[in-house]
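Colleague: Can you read through this structure? Questions will come right after.
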Amino acid sequence: MKASRFLALAGLVLLFVVGYASESEEKEFPRELLSKIFAVDDFKGEERGCKGFGDSCTPGKNECCPNYACSSKHKWCKVYLGK
């Protein structure tokens, strides 16, 4: 559900960028705008304090995010369904 919302929002943003760039009179503007949007050189991701689905973990430690548990068999965070 969240993924479909994200994809819809990303599609709308991309549509807006393309529409705005096509209306621009400068020929270099679309290329500059897209290069700034998709530039990953300056992007430094924030590290989370917990591990998400599929991340490796150590059983017995509380490393996984809420609603996830460290699988003692596979040694990665999985969805905790409770018992």
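Yeah, the Cβs are placed from backbone N, Cα and C, and that goes for glycine too.
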Colleague: Taking Swiss-Prot as the reference, CYS77 is linked by a disulphide to which residue in CYS64, CYS65?
Modeller: CYS64
Colleague: CYS70 has a disulfide partner in Swiss-Prot; which of CYS57, CYS65 is it?
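Modeller: Recorded disulfide partner of CYS70 in Swiss-Prot: CYS57.
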Colleague: Between CYS70 (disulfide bond) and LEU81 (leucine amide), what is the CA-CA distance rounded to a whole number of Å?
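Modeller: Rounded to the nearest whole number, the Cα-Cα distance is 12 Å.
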Colleague: Within 10 angstroms of the C-beta of CYS50 (disulfide bond), what count of other C-beta atoms is obtained when all protein chains are considered?
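Modeller: Its Cβ has 14 other Cβ atoms within 10 Å.
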Colleague: Using Cα coordinates, what distance in whole Å links CYS65 (disulfide bond) and CYS77 (disulfide bond)?
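Modeller: A Cα-Cα distance of 8 Å.
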